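Notes follow the structure.
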């Protein structure tokens, strides 16, 4: 757990594993619906021209979310 | 014996569900609305042997919570319509995530058939799926399909019929999975309470209801409270287990439930269901690679601008000819009526009310078709999601969503669009608050019908800087739309931004059939409207501009004048003298009569009555009538001004006599001209747009709000301009 960082800090091209989701309510729900649960592996594949939102590659699909939504996701680099 | 089997089609967005629906039903489908909401309701039929299949397309969802209308609709259809079978279409390439919905459907108890779609792409990604094992572990039929080519669809239907026959007359058997040592005891306790009191058991399986209580699902808890007081006991159980989870694991039931569901899925997948080999051609990876260019920091916005411009060009260039056909057709219809009907009210009603009204609306049809065709291309190819992704940061600041850009552009964000298809383009927005703000502000854009007004006044007052002023008007429209959105989202449409979390689907070529169906169903909805609400309103506006008739003595006075001039013409013709001047005189008498009639009508009375209110903005009764007429269609503003200035019907395309009159009228100063331009830019959307807003917002309240609010805003701005102009 000591290596956990907010997902916002990941750079394009970095891979990470989800450690915890701290969002509640609708946001928490939507994040989990997309398969972002503890243990899920992801890679940051891009950022929008204004650096926000961010694009993530998960198993079999690409997902995008805003930086302030990524703040609720703790990851550790792999 | 032939039987009807009721089948619901479920699946994630981007799983190819719509393609599968089209592949199964072909053109035999019907699109409607679920009552009270804007979620499309699609149904279709097909035959398998003796059996008739009634297919209900559920909205694409990732889950079955109460957070979006789509999810509520999906689960209510399953619970209330009790389909014989639910087909769940899965994107095989993202199997784990797609199974998340399947598990929830199975927990509702419906007999289910899984369609592992896009198997060709999954194979190319290097995925091998053991479908027999999957079917075995989940205990449901599994069929491989490629909906785009139709592969596997027949087999899917055969399995569906088999599944229906097997489960006929049987009770639904909901799947029951473990939610761990903390939640399971609570769940069991709740199930006991629910079953003892029959809480909602006619609609939902008891364990499912208990789960929804643990997930604090507003809709189900509301239903529960209304149904039975035991609901309070259930809520107590939830409260105590929530407290326990928070103190021991710093988590809450909803999160635990999701984790266990994914855990269940992973445990199945890991039993050798999926093997991943090296990818031959991974479409998702390819898509990500394309995105490094298409959403590149510098190239991305440039490509996007080019695409937007192209869409705009194609729509308005290609639709020009068919729009011309519609216009000539309705022109011909009008002339035929003119030639064959007796003069009188009925004739006036048929020509000015019905033909001009409906014709004006039908004239938009080709425009709307081209617009929807291109939006369908953008959506089906996956580019629309990238546009939202690139622009979200900007639009979010104003309380909007990345997807708001499309409605703005189409409405006239590049001068010359049209708010009707623009407002309808907002359908792609899934966030209700952002969508509402977009619907209300998109009509501020400089649509094609406002342009003649702008050109006329800019030509008169800003002759030297025409292009500059026209550009400024477009910029003002954007500024107003964005700023007003921001204000609305902080006041009447207040609320947190809807989460953006969105899939970026892999790029793909849209199928022709899909494009055709999407374009047609949206266009058809529009045509249906033209025949009903819009016809009624256009008759109303006709009546306002026709009644009451001029008092008889005035009509007689005009007739007398006309007779005198006519006699002079006859005499001149007989003697061979030139008649041109006299004919002009006759025309001017007729135009004066038209002016008097208009001023005397209800619309005219409104115009006169509005003078005290509108004079701070510098508008006289003529301008007021024109603005009232502009509510029917903004094109009407110039022609009504013409009538009000006794110039007869002015052709909006060539308004030079009117320009001269306006230049001479001391009432018009540059300040009032600017006030007028801004007023026209911002005030109430034309009624076709208002009807479209009603449709998209699904409420007359917001449609009326757009009329009142936008007019009030326009008025405030116009008055401010004139008053400041006076000070300078």
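Cβ from N, Cα, C; glycine included.
The structure displayed is predicted, hence computed values, not measured ones.
In TrEMBL, the annotation transmembrane segment applies to B:298-318, one of the ranges B:298-318, B:319-339, B:550-570, B:571-591.
If you take the Cα of residue B:23 (Mg(2+) 2 binding site) and the Cα of residue B:17 (GTP binding site), they are about 10 angstrom apart, rounded to a whole number. Between residue B:11 (GTP binding site) and residue B:26 (Mg(2+) 2 binding site), the C-alpha separation comes to 19 Å. Sequence-distant contacts of the transmembrane segment (B:397-424), counting only residues of its own chain at least 6 positions beyond either end whose CB sits under 8 Å from a CB of the stretch, comprise 308-309, 311-312, 315-316, 364, 367-368, 371-372, 375, 378, 384, 387-391, 430-431, 433-435, 437-439, 441-451, 470, 473-474, 477-478, 481-483, 485-486, 488-490, 493, 497-498, 500, 522, 526, 685-686, 688-689, 692-693, 695-696. Across the fold, the C-alpha of residue B:26 (Mg(2+) 2 binding site) and the C-alpha of residue B:17 (GTP binding site) stand 14 Å from each other. The candidate set comprises the binding-site residues B:11, B:26, B:59. Of these, B:11 has the most other Cβ atoms within 10 Å.
Here the binding-site residues are B:23, B:118, and the one whose Cβ sees the fewest other Cβ atoms within 10 Å is B:23. For residue B:40 (GTP binding site), the count of additional Cβ atoms within 10 Å of its Cβ stands at 17 [all protein chains shown]. Remote same-chain partners of the transmembrane segment (B:468-488), defined as residues 6 or more beyond its termini with a Cβ less than 8 Å from a stretch Cβ, comprise 397-400, 404, 408, 412-415, 436-438, 440-442, 444-446, 454-455, 458, 462, 677-678, 681-682, 713.
Cβ neighbour count within 10 Å across all protein chains ranks B:22 highest among the binding-site residues B:14, B:22, B:25.
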